[in-house]
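Annotated features, as they stand in Swiss-Prot:
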- 12-18, 40-42, Arg304, 330-332, 412-414: GTP binding site (BINDING)
- Asp13, Glu14, Gly15, Lys16, Asn38, Ala39, Gly40, His41, Thr128, Arg142, Gln223, Thr238, Arg302: IMP binding site (BINDING)
- Asp13, Gly40: Mg(2+) binding site (BINDING)
- Asp13: active site, proton acceptor (ACT_SITE)
- His41: active site, proton donor (ACT_SITE)
- Thr298, Thr299, Thr300, Gly301, Arg302, Ala303, Arg304: substrate binding site (BINDING)
Amino acid sequence: MSSVVVVGTQWGDEGKGKITDFLSQNAEVVARYQGGNNAGHTIKFDDVTYKLHLIPSGIFFEDKICVLGNGMVIDPKAFVEEVAYLHERNVSTDNLRISNRAHVILPYHLKLDILQEEDKGANKIGTTKKGIGPAYMDKAARVGIRVADLMDKDAFREKLVQNLKEKNRLFEKVYEADPIQVEEILDEYYAYGQKMAPYVTDTSVVLNDAIDEGKRVLFEGAQGVMLDIDQGTYPFVTSSNPIAGGVTIGSGVGPTKINHVVGVSKAYTTRVGDGPFPTELHDEIGNQIREVGREYGTTTGRARRVGWFDSVVVRHARRVSGITDLSLNSIDVLTGIETLKICVAYRYKGEIMKEFPASLKVLAECEPVYEEMPGWQEDITGAKSLDDLPENARHYLERVSQLTEIPLSIFSVGPDRSQTNVVRSVYRP
């Protein structure tokens, strides 16, 4: 038995999709356990680039089972469109399974997301406006509609009528917006549900059976630890738990069945949306990293904020997610920068802080304490092992591993699957 979780150690966009795709080659089941189509992952192989938002990266392997777990919120329309996108590119979806316990995103969630974000004005959190937060709100309030409900038109209608009473009061009285009628949703979304139906099952059974049979199961997190609703930079976070602990809740697999946790990080730091970012760069080096690394959001197209590698953040991620293996991406993007910096601690009111603070007010006043390292000029995009890297690049990787206290298992020197290299197997017993 070998089950592995892949989590982002920063604010998302670390390259989890690429690493999951790479690790999928040796897995038999690939599962997502939280989030929805607010996630965006880009996978490139054979010079073809694919962009997915909902479906796990393992879909490109016909012999892998791909699971959308119960902890997800699924937009039926977005799902049907993504399946069509894959079919147009001759990618089969026969190996896909959807949890009958996952919640669904409906048009009123999308509308509410936009209205709530606009209403916050200067205090907006930078939501992707995909309805994720409002869908999780309904789940917590116990009024959510699940995939199982979508399969039954009468049950779907009954819950829809009840929910729209409340939502329309909100739209009309609070936001002075037009109400939504049952007829605007019912038939269209029931039809989407019928297209989803062949994939729907009890995925907890699928996953536990696979693990019990000794199969390799890979769990794919969306977003990152710093966007976790409990452990991230609250309230500038997502509405679910991307940390490894979210696997047990969002997939129906017990904690005793998880073997290793791979923390994915860039060799620098990026962030989309608002919120504190201690190592953010506003200079020419920041622009260079953004352009060379093509740091624009897969889901939103927004330019990502860019900064130096922050070991305080990744150490925090290691602790709260129990990370056992480090996967460091986009090392090649730093090529050509004369002096590199790594944040080793924060300075707050003259005191050194080595752990990530809970208070955003404190964080906003923290100054990064940097350690400088010499960069490298050599092209490293063809490197196949640590020995192929220039000495300064190798030292940089070693220092990141030391500071984060996570052994390096994978590093990548470019966007293609062939540019990802294994230092030690994450599927070890």
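FYI, residue positions are counted from 1 along the chain as it appears here.
Cβ from N, Cα, C; glycine included.
Everything Swiss-Prot records as a feature, shown here on the structure.
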residue : record                 : contacts (Cβ under 8 Å, 6+ apart)
Lys18   : GTP binding site       : His41, Thr42, Ile43, Lys44, Ser57, Asn329, Ser412, Pro415, Arg417, Thr420
Gln223  : IMP binding site       : Gly8, Trp11, Gly12, Gly35, Asn38, Ala39, Thr238, Ser240, Pro242
Thr298  : substrate binding site : Asp13, Gly40, His41, Thr42, Lys51, His53
Thr300  : substrate binding site : Gly40, Thr128, Val272
Gly301  : substrate binding site : none
Arg302  : IMP binding site       : Val272, Gly273, Tyr296
Arg304  : substrate binding site : Asp13, Thr270, Arg271, Val272, Arg290, Glu295, Tyr296, Gly297
Val413  : GTP binding site       : Ile331, Asp332, Ile380, Thr381, Gly382, Ala383, Gln419, Asn421
Suppose we draw a 10 Å sphere around the Cβ of Thr42 (GTP binding site). How many other Cβ atoms does it contain, all chains included?
17
Rounded distance in angstrom between the Cα atoms of Gly15 (GTP binding site) and Ala303 (substrate binding site):
16
DSSP, reduced to three states, assigns Gly40 (IMP binding site) to coil
Site of maximum Cβ density within 10 Å, from binding-site residues Gly12, Gly15, Gly40
Gly12
Indicate whether Arg302 (IMP binding site) is helix, strand or coil by DSSP.
coil
How many other Cβ atoms sit within 10 Å of the Cβ of Thr128 (IMP binding site)?
22
